[in-house]
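**Q** My questions all concern the structure below.
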Amino acid sequence: MDERLLSGESAYEDADLEYSLRPQTLRQYIGQDKAKHNLEVFIEAAKMREETLDHVLLYGPPGLGKTTLANIIANEMGVNIRTTSGPAIERPGDLAAVLTALQPGDVLFIDEIHRLHRSIEEVLYPAMEDFCLDIVIGKGPTARSVRLDLPPFTLVGATTRAGALSAPLRDRFGVLSRLEYYTVDQLSAIVERTAEVFEVEIDSLAALEIARRARGTPRIANRLLRRVRDFAQVRGDGTIAMEITQMALELLQVDKLGLDHIDHKFLLGIIEKFRGGPVGLETVSATIGEESHTIEDVYEPYLLQIGFLQRTPRGRIVTPLAYQHFGMEMPKI
């Protein structure tokens, strides 16, 4: 996949910044009001009963704050968090090592939990339900199963593809929270807060302009702010004003709706080669040279959100709004 400024996926350079900007409490966390309010109630109730919080599944597009919320849950509960990911747990023994290292009440955060192998999931079921671990010692006829007790813990799973989780795993989560795209006002507040951390002056209109082009995603808003700051320091006086912001975003090929050259390639490919659709996912994948799951998980969610694309039983269709955005007329049937 092309290097993409507007990807919601975490990049290497995002890690340190996101850690330094990460709010520590639900009160500090901007946006996701519904999920935040519910978690506040569930956490307070668990603390009042002196119990661990029910297992939590956070799902939604990348870059919306799932990792941040997992850390906040641990902070609010006053416990430690251990972090891993679905791809990192390759064998049942890997999971057993993580589970047996937990202390009572700890939060275990598994990112990309939909990528756990089914054999790993089966080890996880009794751990989630009964706080125990069944392991097999030996091989062949002499093999025997041993059950180990685990301390009570809270599993927080994060995924961009909730539908890819097996039903037995999904059903074992007591709390399911979908994270939604952020509003422009919420993103503008995040941009201004990040600018304070950077100790750089930003115009409120410039913050709004960055927010409008950030695809409803805080990670993208902060990434755009970093790049605009570069232009402000090199081509301006260091202040992030509206004029330098617009110039920087145009040079970065981020249009007024937050679409970049890859979005243009995707939409125009369907328009020019397939008369706007309908066209099958695999055909689009072959045409633009991207894997189908990348198209589904990375490209399409925002295009669906802004009404530029429709998924139908017959395939993908580019909408009149997209034609209008490109200044093109829809083909006559």
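Backbone N, Cα and C define each Cβ position, glycine as well.
Residues or ranges marked as region 'Large ATPase domain (RuvB-L)' in Swiss-Prot (evidence: sequence analysis): 1-182. Residues annotated as ATP binding site in Swiss-Prot, with sequence analysis given as evidence: Leu21, Arg22, Gly63, Lys66, Thr67, Thr68, Glu129, Asp130, Phe131, Arg172, Tyr182, Arg219. Look at Swiss-Prot and you will find Thr67 tagged as Mg(2+) binding site. According to Swiss-Prot, the feature region 'Small ATPAse domain (RuvB-S)' maps to 183-253, an assignment based on sequence analysis. The region 'Head domain (RuvB-H)' annotation in Swiss-Prot covers 256-333. Residues or ranges marked as DNA binding site by Swiss-Prot: Arg311, Arg316.
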**Q** Tell me the Cβ neighbour count for Phe131 (ATP binding site), meaning other Cβ atoms within 10 Å of its Cβ, over all protein chains shown.
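**A** By my count, 17.
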**Q** Considering only the binding-site residues Thr67, Phe131, Tyr182, which residue has the minimal Cα-Cα separation from Arg316 (DNA binding site)?
**A** Tyr182
**Q** Quick one: pull the CA-CA distance for Tyr182 (ATP binding site) versus Arg311 (DNA binding site), whole Å only.
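**A** Cα-Cα distance, Tyr182 (ATP binding site) to Arg311 (DNA binding site): 22 Å.
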**Q** Take the region 'Small ATPAse domain (RuvB-S)' (183-253) and average the pLDDT across it for me.
**A** 96
**Q** For ATP, with binders Leu21, Arg22, Gly63, Lys66, Thr67, Thr68, Glu129, Asp130, Phe131, Arg172, Tyr182, Arg219, what's the maximum Cα separation in whole Å?
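**A** Pairwise Cα check on Leu21, Arg22, Gly63, Lys66, Thr67, Thr68, Glu129, Asp130, Phe131, Arg172, Tyr182, Arg219 gives a maximum of 37 Å.
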**Q** Please report the distance from the Cα of Arg311 (DNA binding site) to the Cα of Gly63 (ATP binding site), rounded to the nearest angstrom.
**A** 23
**Q** Inside 10 Å of the Cβ of Tyr182 (ATP binding site), count up the other Cβ atoms and send me the figure.
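**A** Cβ-Cβ neighbours of Tyr182 (ATP binding site) within 10 Å number 25.
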**Q** Which of the listed binding-site residues (Leu21, Gly63, Glu129) has the least company, meaning the fewest other Cβ atoms within 10 Å of its Cβ?
**A** Glu129
**Q** Looking only at Arg311, Arg316, which of these binding-site residues has the biggest number of Cβ atoms within 10 Å around its Cβ?
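**A** The residue with the most neighbouring Cβ atoms within 10 Å is Arg316.
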**Q** Let me know how many other Cβ atoms fall within 10 Å of the Cβ of Thr67 (ATP binding site).
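**A** Total other Cβ atoms inside 10 Å, all chains included: 19.
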